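Worksheet: the structure to be examined is printed underneath.
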Amino acid sequence: MSSGKSTSSSSGRDLFPRMEHPLREVPGSAVQDEDEADACSITSEMIRTKLESLEPRAYTEPTGDKFFYTRLFGREGELAVEDVDDFQQYDAMVHREAILKGKAKHVLTDMQRNDIRVGMPLESQFSPGMELVNGTKRHKFPEIRRPSATRAKELHPKLLRETTRGSNITEVVDISSDNFIDRQEENTLWSEKPTNNYGSGGEKKYHLQRKLARPQIQMIALGGTLGVGLYLSSGKAFSISGPLGCFLGFLISGSIVLATMLSFAEMSTLIPTTSSISGLASRFVEDAFGFALGWCYWLSFTIAMPSEVCAASIMLSYYETFDLSEVTPGFVALFLVLILTINLFDVRVYGNIEYCISLIKVLLSVALIITMIVINVKEGYGFKFWDTKKSQGIFTYGPFRPTFDLSDVGSGALNGIGGATGRLLGVISSMLISSYAYTGSEIGFVASMECKNPRKALPSVTKRVFGRVVFLYLLSIFLVGLNFYAGDPRLLRYYAPERGLDTLDPALVSFFSFECSNASISDYSNGSQSPWIIAMQSSGMCLYSSVINAFFIMFGVTAGSSHLYVSSRTLYSMATQRKAFAIFATCSKAGVPYVSVLFSGAFGLLAFFSVNEHAFSVFQDFANISSATAMLMWSGMCLSFLRFFYGLKLRPDIISRDDPSYPYRSPLQPFLAIYGLCGSMLIVLLMGFVVFLKGYWDTKTFFVSYGALMLFVICYVGYKLVRSSKIHRLDQLDLDSGRREMDRIIWDEEKYYVSSVGEIFKKVISWLA
């Protein structure tokens, strides 16, 4: 019996705190009315005064007190509640606690919004004991009237736990600034509609707005990927590795990118934030890691934009009627103005423009696939250029080039490294070249900052966009490789020669058809170096090749527009994380980060380096810088996912990957992410391997190839020295911020009932694209 009484007593104390007497019946209405009236008599100003008077440590120590506010705002001279000895009194206390919680929550929200204002007395803007740093001295302000935003942030964590018991709140690891990602919607740096937040001086502050639909995100990603990387740079891969070597290089690079995209899609789908890729890297790896990764990513697309413009200007040289010395600078300026103007539009308008242009790109890519099939059948090529037995004289056909000859300019590639080693080096070179073609595959993750429903859009965009890109790339590379000789001297070379085709053996030149354009005889820097243009010229399709070349110019300009979009949003997200100047987070009323757009767009002036005879050399340097930094980003994305993957395993209270409510689960994890990490890092380390071959050392090529890696190390070490960041422990990773907020949002999705003919047509076009 004694043991039973002991158990009962213990249970009662757990249910009713501080209960030491048996329950008894009393008139409950009087008790409840009295406590409710007492709670309602406590004004917001009284609550504010009480919060300001307490030390921050009072809110950082967990108490487990169910009547925290009742004790905090007790009657005069009372910091504890009397013992509860009846149920009605306990119920009244719970009701009073709820009223006080609601009031405190509103006060805290208001305190967070009260930032420093110009014109307010200085003493009214600091909390008790707040210190201002001036050099090495600290000055204290003993008299205050109201708290600053910084003080409210110090008081925020404990009170937030008391007022939001319904959330699965964990201790948050600081990744960008105090409680940045977990702020209320009106305080975040994105919104579904224009916001009227005020900064210092009472000026309105606008942020990114979620206006992009899933088809627009999909087309922006497609538009950024389908550029000159495939239709021009692939010529360099063909010339050094042959048709099969080029295909294998694109296949291997594509598999690495696919592993990276699927892995990161899972993470960013569960936790979509406005801090983009660098923010998630900061959260799951280290703040310095995210800082270095973010700036490398910004550099990648900032350089990729003038690279695309440079390639577009090169393709203008296809048209002999132009005096390139006079026309090229004007066209470069026109292209830059178009790119900048499009990016300054409202993001919804920008999305619609990209949708239309990218749809044209996809349809044209399909048309080129059909054209290559027609040419192969018409000319009866079959696998002629893949068959070594059908070689003619000095023209050695086959799936690979005879040797790995970096000096070959179309004379047969007979003086390089032969055998299996030469073929392996050719595939590796093709893999490095193709990495530039895949740059931009992750644009959908950046655009998700302005996506209406990222949890639903990202998995679909990732799988559909990259599936179509890989399909178009591999099929296009395979088919075009059937229709021309990989040793054609018109192809883009690994090292751009300084002399034109006039210096080659006349018998060699006479073998190839130049009836469509005589410009290719006089100079290498012309638009005839695309494999598709060469295949059509060799088949006598002169007018068609001229039209296609014009579309290739459009491909380059529109891809440059997508690259400026990514670089500006990356710079914006860095500013929101306090890793770039705050001015780069400035947006227009329409939610366009125009300061970031203008600053990143200014680097497009580098494209004017392409107005001379060294245009191809400039283009290749830009392409190498862009692809090297992109590879670093992909490796960082895989590493971030791996830490997220193992951190989530340590937190089964959050959510399980096997849970039906888990938004998206990528396959074959964690092996898929490990493959992506190792593959991308291998490409980074091999990016400039040719300079280590005997006789091919070039200082400029070395720094162009490994400059991105050097920049990453400098940014990483520099940030650690200045900010003293450290790698987060797996069991302390923040898996809540951003996820909880997205859980609470109910998206107003479009509802489809009976589709009309027009709607069915749009769905078909969307599926094809």
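One-based numbering along the chain as shown.
Backbone N, Cα and C atoms are what each Cβ position is placed from, and that goes for glycine too.
Just so you know, TrEMBL annotations never went through curation; they're auto-generated.
For reference, TrEMBL has these:
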| type | residues | note |
| --- | --- | --- |
| COMPBIAS | 1-12 | compositional bias 'Low complexity' |
| COMPBIAS | 15-24 | compositional bias 'Basic and acidic residues' |
| DOMAIN | 217-729 | domain 'Amino acid permease/ SLC12A' |
| REGION | 1-36 | region 'Disordered' |
| TRANSMEM | 217-234 | transmembrane segment |
| TRANSMEM | 240-264 | transmembrane segment |
| TRANSMEM | 327-345 | transmembrane segment |
| TRANSMEM | 357-377 | transmembrane segment |
| TRANSMEM | 465-486 | transmembrane segment |
| TRANSMEM | 532-559 | transmembrane segment |
| TRANSMEM | 580-611 | transmembrane segment |
| TRANSMEM | 631-650 | transmembrane segment |
| TRANSMEM | 671-697 | transmembrane segment |
| TRANSMEM | 703-722 | transmembrane segment |
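In this chain, the transmembrane segment (217-234) touches the transmembrane segment (465-486); three or more CB pairs sit within less than 8 A of each other, excluding pairs fewer than 6 residues apart. Taking Cβ pairs closer than 8 Å, the transmembrane segment (532-559) reaches residues 223-228, 231-232, 235, 304, 308-309, 311-312, 315-316, 318-319, 335, 338-339, 354, 357-358, 360-361, 364, 368, 371-372, 375, 378-379, 440, 480, 483-484, 488, 490-491, 512-517 in its own chain, all 6 or more past its ends.
Residues belonging to the domain 'Amino acid permease/ SLC12A' (217-729) score a mean pLDDT of 82 in the model. Residues 219-220, 222-223, 226, 468, 472, 475-476, 479-480, 482-483, 532, 535-536, 539, 541, 544, 548, 551, 554-555, 558, 765, 768-769 of the same chain sit 6 or more residues outside the transmembrane segment (357-377) yet have a Cβ under 8 Å from a Cβ within it. Most Cβ pairs under 8 A with the transmembrane segment (631-650) among the ranges 217-234, 327-345, 671-697, 703-722 are made by 671-697. Here the transmembrane segment (703-722) has Cβ contacts under 8 Å with residues 287-289, 291-293, 295-296, 299-300, 621, 624-625, 628-629, 631-632, 684, 687-688, 691 of the same chain, all six or more residues outside its ends. Sequence-distant contacts of the transmembrane segment (671-697) (same chain, six or more residues past either end, CB-CB distance under 8 Å): 252-253, 255-257, 259-260, 262-263, 406, 428-429, 431-432, 435, 494, 624, 627-628, 631-632, 634-635, 637-639, 641-642, 645, 704-706, 708-709.
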